[in-house]
Amino acid sequence: MVRSINPKKAKRKNKNKGEASSSSIPSMPTRVWQPGVDKLEEGEELQCDPSVYNSLHGFHVGWPCLSFDILGDKLGLNRTEFPHTLYMVAGTQAEKAPLNSIGVFKISNVSGKRRDVVPKTLLNGDDAMEDEDDEDEDSDSDEESEDGGASTVPIIQVRRVAHHGCVNRIRAMPQSPHICVSWADSGHVQVWDMSSHLNALAESETEGKDGTSPVLNQAPLVNFSGHKDEGYAIDWSPATPGRLLSGDCMSMIHLWEPASGSWTVDPIPLAGHTASVEDLQWSPAEANVFASCSVDKTVAVWDVRAGKSPALSFKAHDADVNVISWNRLASCMLASGSDDGAFSIHDLRVIKDGDAKVAHFEYHKHPITSIEWSAHESSTLAVSSGDNQLTIWDLSLEKDEEEEAEFKAQTKEQVNTPQDLPPQLLFVHQGQKDLKELHWHNQIPGMIISTAADGFNILMPYNIQNTLPDLAP
C-alpha cells in the first residue's frame, strides 16, 4: 500500500473568475458530488455546504502528519456545548529526517452550532430560508464576527519534541494519555512521556501559541530496535495498562509487557502472516486477544496465552488489508479496509468456511487509509480513502421508500440525493488532499478529526446527533 505523503505544498488556484454577482447566475438545484462518477463541466466548481456541519474547521501545522491520536482529558465525558477544547498528539513526515518532531496539541475555541436535521423553516411550511439564523451566522467563519464579537477560529497551541525520522504511526495509552508510542521509518519503536508538555499547555493560554515554541530535545522512555524493518501497526491494550503490540513490514509482531516503570519486549515475535503487518487491534472484551491484518489479504485473531501462532486466520479481501477496527460496543464485529477501496464487516461469531463477512461495501474506488467504529453508536463507523473522501456509515439503516417520500415532502424537494448511493451512507466529507487517518473523539459525541497532506480537519456533521451510552448500572 502507498502510505507516504509528499511534503511539497501545492498552491491553491483561485477559481473565482470575473466579478459577476451571484444573482446573475441561474439558480441550479444542489446535488451531491461523487468522485470517480461525476465530472466537472467547464465553468463548474465544487462548493462546501457549511449548513451540513455543526462544526467545521481546518488547520495545518507545517509538515504533514501521517498519523495522530486524540488524548483523553478531564474536561468531561459527554461534552455537547460549544466552544470545545481538545488535546492530541501527532507525528510529522518531514522532507529530511532531522526535521521531524512529535507535536503535543491543545486546540481550544472550537466553535460551532447545533443544527436541525430538517430545518424548522421547512417543517413549518415556510418557503423563505432567510430566517434560519442567516447563512453568514450558520457557517464557521475564519475571522472575527462582524459585530466585533469573539473570534470563531480555533486557538492552536503546540509543544514539539524532536523525533529522528518520519513518524509512521503514533498512539497514546488510553489509561495514561501522556504516555505515547511512535513507530519511526528508521525501524525504531519509541515510548515517550509527554506529561510535562500537557501540563504546560493545560496551565497556559499562550504556551506554544501560533507554533512559536522551539523543538525540544527529550529522550524516550524506551527505544526498541528489535524489529527487522520499519512498520505501521501498533496498539495499546484497553484492558491491561501498558501492554502493547508492534508489527512490522517483515510480517513480525512483538508483544510488550509493562515492567517496573519500563517495558519488556518479547524477543521472539509472533509469526502468522506471510507479508507486511499493516494494523493491529486489541479486543475490547478479552484482555489476551488481538487481531492483525496484512498485505497477504488476511485477518488473523490471536490469543497471547496460546503460543506464537494465530488462533484463526481468514481471507478478508482480494487485495492488501490496510486497516482494521474492533467495535468497542459490539465486540463480535471487526471492520477491515482494503487497498482496492472496499471495506467489510466481519462477525467473529459466525466464521464459516474461513469467512466471517456479513457486510461488504465498494463505494470507494481508491485504497482505504483509515477505518474506525464510533465509540458512541455501535452501528456507526467512519472511513477515509485515497479518493479524498471521508465517509460516515450507519449499518443499521435500510432503504425506506415511504420515509424518503415523507422527508422529501417536508423539505419541499430541496434535497436532491443521488439514487445509487448505499442507504447506509450517512455523510460524505471532502476538501482534504491525500487523507491518511481519522479518529472519533471519545468525549465529544459526533466529532471527528482527520489528517491529510494539506493539514487537519475537525468536523461534526449535522446528522450525527448521538450521545454517549448510559454506563450507569
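Including glycine, each Cβ sits where the backbone N, Cα and C put it.
Model, not experiment: these values are computed from the prediction.
For 1-15, the entry in TrEMBL reads compositional bias 'Basic residues'. TrEMBL lists 127-147 with the feature compositional bias 'Acidic residues'. What TrEMBL records for 44-110 is domain 'Histone-binding protein RBBP4-like N-terminal'. Residues or ranges marked as region 'Disordered' by TrEMBL: 1-32, 118-154. Look at TrEMBL and you will find 270-312, 361-403 tagged as repeat 'WD'.
DSSP assignment over the repeat 'WD' (361-403) gives 3 helix, 18 strand, 22 coil.
For the domain 'Histone-binding protein RBBP4-like N-terminal' (44-110), residue counts in helix, strand and coil come to 6 helix, 33 strand, 28 coil, using DSSP. Note on the repeat 'WD' (270-312): DSSP counts are 0 helix, 21 strand, 22 coil.
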